[in-house]
Amino acid sequence: MLNGRIFLKEVRCFLHHSIPLRIMCPDDANIVGNVHGGTILKMIEEAGCIIGTRHCNTQNGDRCVAALARVERTDFLHPMFIGEVAHVSAEITYTSKHSVEVQVNVLSENILTGTKKVTNKATLWYVPLSLKNVDTIIEVPPIEYFKPDQEELGKKRYEAQKFERMETKERNGEIITPVSLPERHTKEPYTVGFSQSSLIHLIGPSDCTLLGFVHGGVTMKLMDEVAGIVAVRHCKTNIVTASVDAINFHRKIKKGCVITISGRMTFTSNKSMEIEVFVDADPLAEAEKGKYRAVTAFFTYISLDKENKPLPVPPLKLEGEEEQKRFEEGKARYLQNKAKRLADKEQKQ
């Protein structure tokens with residue numbers, strides 16, 4: 001370290017991290033052997049938390065833990081199956097005064113053939129919270145960059161995600177009313193109300209960090225489970241996570257809270273379906289604080305046949321202006337992401 005700055009070449013071990021190899025088991029997968037997207041997201045977050053916490057504690061002062069603030073759009077490039085080995089590596093690519101950008105890569109390895117495939121590339125943002133006072137954000141040790149433009153590009157990514165987080169937070173006041181089983185029978189198939197689903201979970205010690213707040217990876221896994229249920233209820237086939245749009249962690253969730261994870265279908269194309277997921281936290285022991293919106297995200301799924309080949313997705317039947325509005329917003333996101341994928345593909349050619 002020189003003048004308070006950490007040099008990338010000299011402390012590469014702090015800025016790059018690989019978690020131990022892990023073989024995928026039946027508990028990690030759905031009924032046809034595809035590893036749950038939530039399982040992979042949890043591994044990604046664990047790697048990001050380790051490297052972020054390690055880096056933020058390289059300086060003198062308060063000890064801290066890196067808390068997840070946001071996950072950028074994550075595409076599931078290839079499926080992972082039971083029996084394959086997951087390789088997860090993470091690297092710090094940018095630091096601001098109070099946040100850390102971590103990029104994580106996931107590879108799957110077939111240990112019978114030796115074949116390896118990149119399944120995921122993700123970007124996560126963390127903030128370091130003091131162990132003495134969880135409401136105190138610690139300053140992040142800066143890093144040196146290989147090239148001058150790396151810092152400038154990182155700053156642009158930081159400003160963009162900060163703006164999107166604030167924009168998302170402002171429009172997330174709506175509370176979804178869970179649909180009970182008797183009510184579902186009155187709903188028409190392929191409508192939003194028919195597939196809408198909720199899950200209730202009590203946050204226990206095993207879900208939490210050293211600070212007593214839930215791990216981001218635990219929350220993402222539960223969100224993927226609910227979104228997956230919505231997708232199955234809509235198309236009644238095997239489904240897999242195709243991508244996750246930015247996941248924003250608006251507020252911390254404390255041990256002892258009861259969380260309600262709710263999902264609803266917002267958009268369908270011929271081959272995919274978008275599901276909006278909310279996490280609302282209820283601090284039972286501190287009821288006077290009231291229920292609050294903690295996390296939001298959009299998940300995209302595809303429908304598969306028994307041979308893991310894509311199937312057409314049944315069109316979503318819309319009821320009312322609000323559902324029509326959400327559908328049009330989902331369509332805009334779909335077209336934007338499709339255009340970006342095509343542009344990236346052309347760039348690589």
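The backbone N, Cα and C atoms fix where each Cβ goes, and this holds for glycine too.
Because the structure is a prediction, the values reported are computed rather than measured.
TrEMBL has this to say about the protein:
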| type | residues | note |
| --- | --- | --- |
| ACT_SITE | Asn30 | active site |
| ACT_SITE | Asp224 | active site |
| DOMAIN | 14-132 | domain 'HotDog ACOT-type' |
| DOMAIN | 193-307 | domain 'HotDog ACOT-type' |
**Asked** When DSSP states are grouped into helix, strand and coil, how many residues of the domain 'HotDog ACOT-type' (14-132) land in each?
**Response** 25 helix, 59 strand, 35 coil
**Fill in**
If you tally other C-beta atoms within 10 angstroms for each of the active-site residues Asn30, Asp224, the top scorer is Asp224
**Prompt:** Reported as an integer number of Å, what is the Cα distance between Asp224 (active site) and Asn30 (active site)?
**Reply:** 12
**Asked** Counting by DSSP, what is the helix, strand and coil composition of the domain 'HotDog ACOT-type' (193-307)?
**Response** 32 helix, 54 strand, 29 coil
